[in-house]
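Asks: This is the structure I have questions about; it appears just below.
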Amino acid sequence: MATATQLFTCALLFSCTLFHVARPELIITLVNNCPFTIYPAIQPNAGHPVLEKGGFPLQTLTHRSFRAPDQLWSGRIWGRTGCAHSNGKFHCVTGDCNNRIECNGLGGATPATLAQITIHHGHKDFSSYGVSLVDGFNLPMTVTPHEGKGVCPVVGCRANLLATCPEKLQFRSLGRHGHVVGCKSGCEALGTDELCCRNHYNSPRTCRASTFSEFFKHACPATFTYAHDSPSLMHECSSPRELKVIFCH
């Protein structure tokens, strides 16, 4: 006859099995289709663990896949460019995280294209995802869910905005005389409360699109381009098996 301890153990294993059925394994894959090496970075939101030490090199035409946490997790992913060691110090021209290869939870320097992700939430094991140009642009990027249920579109910005970036927003590698390596937001370029949606402008009613955010929106309509842009740009896909973030898609 089974003891109470054995019955409890069986019940626990059964409940754990049910939990894993409800939360299928989710893989996050980062793909570098750019013709140069990039250094992807991953920053968790407060209270969530750092994934893959927060950053790593990714050579051209390669990818890296890893298992996502089995519970609620949210954070952002971006690509760092122009990375090199110089005088004993590591530095990236865009997206740099305090001169580290492994960002370990640190944010990155702007301008940078961001993927925003929240996984394992809601009653249908939703993964929410979107691409933001609120902090500017440095690389084309898309997010693609695989094998999910519901409406699971590919979203992001495929255009290379470095070639068309307005002069006021251009971020150059060597001051005024270098190549354009990023396209700044209006907020970063001019710093006004209105463009940064600060103070009086920090609400959906007063924070509005600008001529600068409209430049990004016209090129990449499926991205967030200012702080209080439409929440409908964040998509919810139920139980995808993989979220693929593709740079230079």
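Cβ atoms are placed via backbone N, Cα and C, with glycine included.
Curation plays no part in TrEMBL annotations; they are all automatic predictions.
Here's the feature list from TrEMBL:
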DISULFID  C34-C248  disulfide bond
DISULFID  C83-C92  disulfide bond
DISULFID  C97-C103  disulfide bond
DISULFID  C152-C237  disulfide bond
DISULFID  C157-C220  disulfide bond
DISULFID  C165-C183  disulfide bond
DISULFID  C187-C196  disulfide bond
DISULFID  C197-C207  disulfide bond
SIGNAL    1-24  signal peptide
Asks: Cα distance, C157 (disulfide bond) to C197 (disulfide bond), nearest Å?
Replies: 23
Asks: Nearest to C103 (disulfide bond) by Cα, among C83, C157, C183, C207, C237 (disulfide-bonded residues)?
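Replies: It is C83, whose Cα lies nearest.
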Asks: To the nearest whole angstrom, state the Cα distance for the pair C207 (disulfide bond) and C196 (disulfide bond).
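Replies: So the Cα of C196 (disulfide bond) lies 8 Å away from that of C207 (disulfide bond).
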Asks: Measuring Cα to Cα, tell me the gap between C187 (disulfide bond) and C248 (disulfide bond) in whole angstrom.
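Replies: The Cα atom of C187 (disulfide bond) is 25 Å away from the Cα atom of C248 (disulfide bond).
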Asks: Taking Cα-Cα distance, which of the disulfide-bonded residues C92, C152, C157, C183, C196, C237 are within 10 Å of C248 (disulfide bond)?
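Replies: So the list is C157.
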Asks: Between the Cα atoms of C237 (disulfide bond) and C220 (disulfide bond), what distance do you get, rounded to the nearest Å?
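Replies: About 21 Å separate the Cα atoms of these two residues.
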Asks: Given the disulfide-bonded residues C34, C97, C165, find the one whose Cα is closest in space to the Cα of C152 (disulfide bond).
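Replies: Checked the disulfide-bonded residues C34, C97, C165; minimum Cα distance to C152 (disulfide bond) goes to C34.
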Asks: If you draw a 10 Å sphere on the Cβ of C237 (disulfide bond), how many other Cβ atoms land inside?
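Replies: Excluding its own Cβ, the number within 10 Å is 23.
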Asks: May I ask for the distance between C165 (disulfide bond) and C34 (disulfide bond), taken between their Cα atoms and rounded to an integer number of Å?
Replies: 19
